[in-house]
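A short write-up of the structure that comes next.
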Amino acid sequence: MLTCGRFLSSSAATTTASFSPLRTLTRSLLRRPHPRLLSSASAAATTAVEPDTKGGGGGGAGGGGGGVVRPQWKAAIDFKWIRDNRDAVADNIRSRNSAANLDLVLELYDQYLALQKEVEWLRAERNAVANKMKGKLDPSVRQALVEEGKNLKEALIGLEEDLVELTDKLQLEAQSIPNATHPDVPVGSEESSVVRKEVGSQRSFNFTIKDHLQLGKELDLFDFDAAAEVSGSKFYYLKNEAVLLDMALINWAISEVSKKGFTPLITPEIVRSSVVEKCGFQPRAQNTQVYSIENSDQCLIGTAEIPVGGIHMDSILLDSALPLKYVAYSHCFRTEAGAAGAATRGLYRVHQFSKVEMFIFCRPEESDKWHEELITIEEDLYASLGLHFKTLDMATGDLGAPAYRKFDIEAWMPGLERYGEISSASNCTDYQSRRLGIRYRPTPSEPPPTDAKKGKAAGGPTQFVHTLNATAVAVPRLIVCILENFQQDDGSIVIPEPLRPFMGGLEVLSPKSK
């Protein structure tokens, strides 16, 4: 049992014999060795949380004396469920290659429950002593009660401090546990992912094809060299018709998705690091994909999922308003740490790009349905452009910490001679909402009784919403697809028909005359 290691003051020796059982118990409680000297779990938890290998949402470390690591925020984690489903949680952590330490979390949780009981016991004893002092008492008895009250207060302060510290450690460790996994998700590494659907076929060319870099150079669409001088590698200038194509893809995607009942948004592109963490990303982890702003608590967003996820943070949503569906445009910024090689050249993997993101807040029982709706929207968008692609049910080893299930779409890129990911759609269930504090109160199936207490909230307890996100358009990769798939033998590019109204009727990108 985890206890406080503080001692009573020397004045405790004057307590009268009539209260010796309470005195003895209190003093023995306080004289036990300090838990930080006893518990390996407590000692281990004072260090920084090991980052999840897939970018799981561990809380950031705040300041604290004595080496204590404090979470910047707290998630509403169901520790009892984790304890009751220990084997399933352990299997899930293993299959997702997570670095979460379940044994440590459960050890800390057991210690937390034990310490909480001791705190409650001391509070009850303190109240009992206070009640005894209300009547007329012999001065010696009153003095003994006063002394006992002081001892109990001192003991309680110590235990409450330890309880706060233990709660912080428990939070930090538990925040690295990934979401549960849909039972149909294939188990294994990315190679174990299963193809759900394939649309179209690889186009046959009767001429030597070019990749998007060569096409872009001949059509004067990009300038990577100047951008490298100005900003560094993996930056670029879009020029001429590439600018029109970028804007056409954005406007087309927002227009099409809005028809499905999604509310358009343009989001902030700088957010608090705590919001990034609550969404399941780690701005401070090694090889992080997140750009943090020095000397601030802010980051550049890597996806509009983050600011849209935070738009209803710490709110109780109306049941009648669900689902809330957003289609958001933003620039995205990613460090792309560890990315290198010919497969990432050109526009395929860059530090800054435009993207249109879909996001849904919904009732828990509806999230699987909306996940299917999101992937259908994506498939319809790309099919209408005439792309050849396949949809995959991604394996456990490729799931980020927030995702319960994730579908990826990979399109054929003939110039790169491979399929490349152009979008994903994830059901995050209540992983993000428990961290962001987003709930709703279900509408009661029956009207509340007429004698219900005034002011009492109708509809019963609140529940956490489920969140889902999906890419409508990641602009650079779709530009790669369009240039490489629709190139002609004269070096021109045929613009997909759905985009032409958004490019002023332009049908073909032709090489510039010399």
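Backbone N, Cα and C atoms are what each Cβ position is placed from, and that goes for glycine too.
What TrEMBL lists as region 'Disordered' is 40-67 (among others).
Residues or ranges marked as compositional bias 'Gly residues' by TrEMBL: 54-67.
TrEMBL lists 142-169 with the feature coiled coil.
If you look up TrEMBL, you'll see 211-496 marked as domain 'Aminoacyl-transfer RNA synthetases class-II family profile'.
Marked as L-serine binding site by TrEMBL: T303, R334, E357, N469. In the shown protein chains, 23 other C-beta atoms lie within 10 A of the C-beta of T303 (L-serine binding site).
Counting Cβ atoms from all protein chains shown, R334 (L-serine binding site) has 20 others lying within 10 Å of its own Cβ. The feature ATP binding site is assigned by TrEMBL to R334, T335, E336, V350, H351, Q352, F353, E421, I422, S423, S424.
The region 'Disordered' annotation in TrEMBL covers 439-460 (among others).
According to TrEMBL, the feature site 'Important for serine binding' maps to T471. All chains included, 26 other C-beta atoms sit within 10 angstroms of the C-beta of T471 (site 'Important for serine binding').
The shortest Cα-Cα distance between S424 (ATP binding site) and any of the recorded positions T303, R334, E357, N469, T471 is the one to T471. Computed over the coiled coil (142-169), the whole-number mean pLDDT of the model equals 84. Neighbours of E357 (L-serine binding site) among the binding-site residues E336, H351, I422, defined as a Cα within 10 Å of its Cα, are absent: none qualifies.
Checked against N469 (L-serine binding site), the binding-site residues E336, H351, F353, I422 differ in C-alpha distance, with I422 being the nearest.
In this entry, R334, T335, E336, V350, H351, Q352, F353, E421, I422, S423, S424 make up the residues listed for ATP, with the farthest two CA atoms of the set 19 Å from each other. The record gives T303, R334, E357, N469 for L-serine. Within 8 Å of the mean position of their Cβ atoms, the other Cβ atoms in that chain belong to I301, G302, A304, E305, I306, C332, K355, T471.
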